[in-house]
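> Quick one: the structure is below, and I'll ask about it shortly.
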């Protein structure tokens with residue numbers, strides 16, 4: 001096959017990448033919301049926050065998104081979604097197969113690809129290969145005001161490199177089972193009064209309900225979604241049923257949107 005391809009030399013390749021990357025970082029160094037983790041709850045939250053018009057930045061330590069979605073159930077490529085979470089998946093055109101009334105099977109690759117695409121199309125910025133190392137805090141009133149970030153590769157190499165800071169009106173811990181951001185804040189800012197009892201063993205029916213109910217603010221400016229909620233609130237895990245994950249993301253997005261709107265009204 002003969003084809004005419006535009007000639008682009010190495011200097012232009014590098015310059016365009018550096019310029020556009022730096023413009024993104026410069027713009028998002030002051031964000032409305034920073035979400036840590038691009039798993040199901042983080043992507044769901046990003047979709048609804050960006051859709052609400054908030055400047056939303058998602059940091060993912062890996063070079064891919066989806067979190068636990070990609071692993072499916074013990075590497076089986078299917079997952080379970082139950083009502084009313086199916087409405088969120090339908091909203092972003094993810095296909096579902098009903099296996100009993102109100103219970104659906106979803107393909108894991110389609111689930112994470114379309115959910116991520118929906119968040120990006122809504123206006124969220126997702127940056128891979130970045131680890132959130134710490135938080136920014138302020139006093140009077142005491143609150144979380146952003147995050148400190150580092151390249152994941154730098155941390156893996158155990159290099160002593162200072163982070164850079166990203167300001168945010170709200171920080172969402174969507175890091176999963178370890179609730180990494182909230183754990184750091186609890187340890188380093190004891191004045192926040194955060195106590196983390198840890199996640200319990202599996203009890204799927206209760207876990208799905210309790211995770212959504214307990215989603216939300218942990219301290220001023222700091223929120224939990226998804227499996228981070230189970231860790232922070234001492235709730236059971238649920239395994240490869242993902243309804244609560246996307247519902248939790250939507251719930252935290254709604255709470256943050258209301259909180260930021262209230263703060264703008266007061267200002």
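In case you wondered, yes, glycine gets a Cβ from its N, Cα and C as well.
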> Let me know which member of 227, 238 Swiss-Prot also records as binding NAD(+) at the site of 41, 60, 61, 68, 132, 160, 161, 162.
227
> I'd like to know which of these binding-site residues, 161, 227, is least surrounded, judged by other CB atoms within 10 A.
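Taking 161, 227 as the binding-site residues, the minimal 10 Å Cβ count falls on 161.
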> Cα of residue 227 (NAD(+) binding site) to Cα of residue 177 (Fe cation binding site): how many Å, rounded?
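Approximately 5 Å lies between the Cα of residue 227 (NAD(+) binding site) and that of residue 177 (Fe cation binding site).
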> How many neighbouring Cβ atoms, not counting its own, are there within 10 Å of the Cβ of residue 177 (Fe cation binding site)?
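Excluding its own Cβ, residue 177 (Fe cation binding site) sees 14 Cβ atoms within 10 Å.
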